[in-house]
Amino acid sequence: MSDAGSGSESSGSGSNDGSSGSTVQNAINNRGRPQREYREEMVKDMAVEQMKQKMHDIVNRLGKEVERKMDIAVDDLFTEVKQFNLKNYELKQLFNEKSTSHEGHRKSAKTDGKLPDKVFMPRNSLLTDLFEVKHIKTIYHIFIVILIILFLNTVVHDFVDTGSINLGFRPIIAGFGKFHIALMLWCCMQTSTFLLYPCFRMWALFRKNFTAGSPMKKLWDWSAVVLFVSYQCGFIAAAIKALLWFDLPPASSVAYLMEMTRFLMKAHAFIRSNAPRALVSGKKHADSKPISPDTYQGLPSFSKYAYFLFAPTLVYRDEYPRTKQIRWRVVARHALEVIGVVFYISFILERFLAPLFEKFGHAKISSGSFVLSLFGSIMPGSLSFLCAFYSLLHAWMNGAAELLRFADRMFYRDWWNESTFAGYIRSWNVVVHDWLYTYVYKDCVEHVFRNCRPLATVTVFTVSSVFHELILAFTFRFFYPVMFVQFEFMGLMLMFVTKRLGKNVGNVLLWLVLSIGNGLHLSLYNMEYYARRNCPDIGDSIVDYMVPVSWSCNGISHNPNWTITAPWSLP
């Protein structure tokens, strides 16, 4: 009985322990369920917050994209309004005698008597706006058709006469030889120009350690001036030495030397514009502008310097007007125009100019043949002149401006409407003229000659003539100062001759002088080029380099048997 009772007690106690254990487990489970639910709710809340953040980012991106699109749309709208005004209200200005294109690109004269500064503003090239007028666009199309017909005419003539086709590509193949070497040398010049920036900054930084007005500070500044002038002279000497060492062909040489000149002008513009800022850094002026955050101790950052080196301008500014986007179709169209003009100029040289002069040096040329060659080169020279203008100053410059989003595209003005040679010089190449005005003419008037403008004008013509002649002399490997004489003497004389002429007479005379001048220029340079190729035993001394060979080696002989018959006496 007792055993049974004890067993029953034990079993009862066991059941009680099991029930209590399950109760504890249920209590634990019931207590853990809210924690799991709380964790799940936390995870859900975090997921919702992440989703909200992502949606917020998407909305911000969409807002910025819509804002950008709206800015572009507004710019396009203003462009269309401008084109509409040009087409409907400003067409009459194309026929006005008074040109307004010279106004608005410089500030009015300053109160202290100094000359005005160049002002950059968003604007198209003149031909870009004119091509929006359908009548001018049709003339552009007619000009293209004339070039195509002239090209086809010579091709068909060759095919019928000789059974072969000469596309005139030989000047391109021969002229642009060793282009990869020219590109390598260009990279070296670019690197050298980049290294100018840290040197300039080092000079500006260390000069602050000297006492103001001390001899050491003056010595430091004058040493920097001497080093910069030495750098420019060494830059020219090294570039020309490399050109002669690798014996670059004419087309590669002229492109290389033009880039050398551009780098020199860019370096001078940067130093001339920023040296005064370094000299007065730390001083406060009442009329001083606020310093941009992208500057270092008052000097521009390297990014601004790098942009200036590639920008289609030679006048330095910290900021330029910029466009909103790059129009790649415009870039492609201008690139095709540049390539097309290069091929067409090659065609003109091969088919119209080379046959006139390739025999020079083989035998004496009669004076009659020389006159015929001179007048025979006037029309090809004028075509080459117009094509080179369109290719370099319109297509190339506008393509580069589009790639860099450079908004001020007044690279030229309406030089074809000018009636004076002075107006033509100012309008033909605005990019180079602005550099000459800002850093040569303006400095000469204000600091060197003290308001003596005639001497400043002569200085401008001399600098321009020297660099033009430098490029031509080392491109063709002979010194024949035709360009120097045209610029330095004929140019100054024409400035005074055409100053008092009427508009119509002056414009006709200007075009006549340009046509004859281009023909004479091409004739004399082609004569000398082929004479040096065809004449044997040309020395390598400086005298042989300076003396024209075409005058001495089978030169021009006078024809004494010329007869003149009156037109009414002809049979």
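Glycine is no exception: its Cβ is also placed from the backbone N, Cα and C atoms.
TrEMBL lists transmembrane segment for one of the ranges 302-318, 421-437, namely 302-318. Here the transmembrane segment (369-393) has long-range neighbours at 127, 337-338, 341-342, 344-345, 348-349, 352-353, 356-357, 411-412, 428-429, 431, 514-516, 518-523, 526-527, 556, meaning same-chain residues at least 6 beyond its ends whose C-beta is under 8 angstroms from one of its own. Its own atom aside, the Cβ of His468 (active site) has 17 Cβ atoms within 10 angstroms in the protein chains shown. Here the transmembrane segment (330-349) has long-range neighbours at 147, 151, 154, 167-172, 175, 380, 383-384, 387-388, 390-391, 394-396, 398-399, 402-403, meaning same-chain residues at least 6 beyond its ends whose C-beta is under 8 angstroms from one of its own. Using a cut-off of 8 Å between Cβ atoms, the transmembrane segment (219-246) and the transmembrane segment (179-198) share at least three residue pairs, counting only pairs 6 or more apart in sequence.
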